[in-house]
Amino acid sequence: MNSYSSLASWSDALTTRAVSAVEAVDYFSDRITKINPQLNAYITTDIDRARSAAADIDRQRVAGESLSNIAGIPFGVKDVIDTSGIRATGAAAILDNFEPTFDSTVIARLKNAGALVIGKHNCDAFGHGSSNEHSMYGAVKNPWDVSRVPGGSSGGSGAAVAADLCSFAIAEDTGGSVRAPASFCGVSGLKVSYGRNSRYGSMPMASSLDSIGPIAQTAEDIAIILQHIAGHDPLDATSAIAALPDYRTEIQKSVAGLKIGVPEEYFSAHLQPQIRAVVENALHTFEELGASLVPISLPHTSYAIATYYILVPCEDSSNLARLDGIRYGVRQKAADLYHTYTASRTQGFPDEVKRRIMLGTFALSYGYYDAYYLKAQRVRTLIRRDFDEAFNKVDVIMGPSAPGIAFKLGANASDPLQMYLEDAYVVPASLAGICALSVPCGFVDGMPVGLQIMGPRLKEELPLRFGHHYQLATSWHTTHPAL
Ligand code: GLN
């Protein structure tokens with residue numbers, strides 16, 4: 001197989017037996033051995049088990065059994081998502097020894113279809129971060145320039161797909177964690193609508209926003225994966241009971257005649273001019289494909305960061321309360337219970353996680369709840385309404401995925417607020433619970449730029465359709481880093 005083959009090409013090659021599943025595992029295993037030391041994209045690999053599952057798939061195929069279109073495809077998983085028998089650290093020392101006894105629903109569905117877990121991807125601890133520098137297993141490097149961040153929090157997943165260290169990745173997006181690394185690493189990533197995919201078996205970050213979605217080489221690959229993982233799960237009460245379209249058929253439909261909303265707030269002074277030029281060029285491609293651009297306004301966009309960074313730490317702090325060194329995870333034994341808690345949490349969490357716990361606990365405390373949490377919930381409703389109104393007029397909304405290109409490692413290290421501002425264009429869709437795809441749309445200073453395509457809730461087929469036609473018309477997604 002050629003390097004950087006799409007999942008669709010791997011699928012064809014496996015189906016026609018041009019390549020075996022064992023060969024597929026060996027291909028990615030060799031690349032991980034050669035390239036991962038530069039990038040640090042994996043926390044754990046599980047090659048032996050993947051190879052033995054691959055041998056089973058190969059036997060079934062030779063025996064003529066009917067197999068799914070992803071049988072034998074190796075993939076990686078963000079380390080906040082549970083995989084039976086493979087440790088899941090959440091990139092925090094407190095879970096260094098945690099080995100889940102079951103698969104999260106999304107992983108179980110992929111494994112049932114014959115896909116092979118080859119390892120767990122590095123990330124910001126528990127998904128808290130925008131650069132993958134807040135991992136207790138070391139920062140991940142961007143494959144395009146190892147002095148730069150890969151984006152976060154799913155930086156290991158973005159870097160692994162961009163460097164061809166797995167065919168695709170399953171990651172989590174609460175406030176941009178799939179889209180930001182996809183954008184910084186030059187690959188495609190889908191944040192699904194709230195409720196589209198089961199979150200059972202993923203470590204909760206902010207439960208009212210968390211979503212599980214794929215990062216892959218192309219929008220078409222994402223459509224293939226989504227077909228396997230999406231849909232209601234009785235084990236997740238927030239998963240939507242809604243029919244699934246045939247994604248691969250839907251994305252073939254032309255985009256001619258469809259309307260693209262272009263929000264003025266996404267092209268404000270905050271956006272670097274070179275990024276603006278690249279994104280405007282992408283919008284122009286859609287005009288050539290027959291879609292029309294409609295200027296719109298999402299008036300509450302400027303409140304999104306403040307709203308997100310109140311609500312999310314509140315939910316973070318309550319969700320993290322369970323990690324105390326008593327029930328599971330690494331326990332720092334101390335003289336009494338109180339000091340066992342404090343020592344386990346002090347040593348088990350990185351600074352950003354501690355910051356979230358302090359912010360969230362403060363904002364939820366008596367006397368402050370109304371001023372912060374309640375007010376932020378109200379603004380969240382206004383942000384959601386902005387999108388509802390816009391989608392009455394347009395089919396999708398487009399803008400940049402990030403205000404700039406991947407920044408240098410350490411550039412925002414001493415300024416958490418500056419780091420939070422990196423999320424300006426990704427958190428509104430998260431607060432609104434809608435879906436959003438990031439696809440590569442050009443380069444600035446040799447680094448990839450992402451185009452964000454947002455769609456109405458549970459209408460993933462629309463952003464994927466635009467993304468697919470964009471990738472049929474352009475070749476940004478087929479340009480790869482020299483490694
Ligand atoms: N940058 C966001 C945050 O730190 C990303 C969260 C996420 O999507 N997991 O909260």
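Residue numbers in this text run from 1 along the chain shown.
Each residue, glycine too, has its Cβ placed from N, Cα and C.
Because TrEMBL annotations are produced automatically, they should be read as predictions rather than curated entries.
Note that this is a predicted model, so its numbers are computed, not measured.
Annotated in TrEMBL:
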- 23-462: domain 'Amidase' (DOMAIN)
- Lys78: active site, charge relay system (ACT_SITE)
- Ser153: active site, charge relay system (ACT_SITE)
- Ser177: active site, acyl-ester intermediate (ACT_SITE)
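Packing around Ser177 (active site, acyl-ester intermediate) is summarised by its Cβ count: 37 other Cβ atoms lie within 10 angstroms of its Cβ, all protein chains included. Within the same chain, residues at least 6 positions away in sequence whose Cβ sits under 8 Å from that of Lys78 (active site, charge relay system) are Lys120, His121, Cys123, Gly127, Ser154, Gly156, Ser157, Ala169, Ile170, Ala171, Glu172.
Looking at Ser153 (active site, charge relay system) and the residue listed as 'active site, acyl-ester intermediate', their Cα atoms lie 5 Å from each other. In this structure, the active-site residues that sit close to ligand 1, with a C-beta under 6 angstroms from any of its atoms, are Ser153, Ser177, chosen from Lys78, Ser153, Ser177. When pLDDT is averaged over the domain 'Amidase' (23-462), the result is 97.
Taken residue by residue with DSSP, Ser153 (active site, charge relay system) is part of neither helix nor strand, so it is coil. In the three-state DSSP reading, Lys78 (active site, charge relay system) counts as strand.
Taking the Cβ of Ser153 (active site, charge relay system) as centre and 10 Å as the limit, one finds 35 other Cβ atoms among all the protein chains shown.
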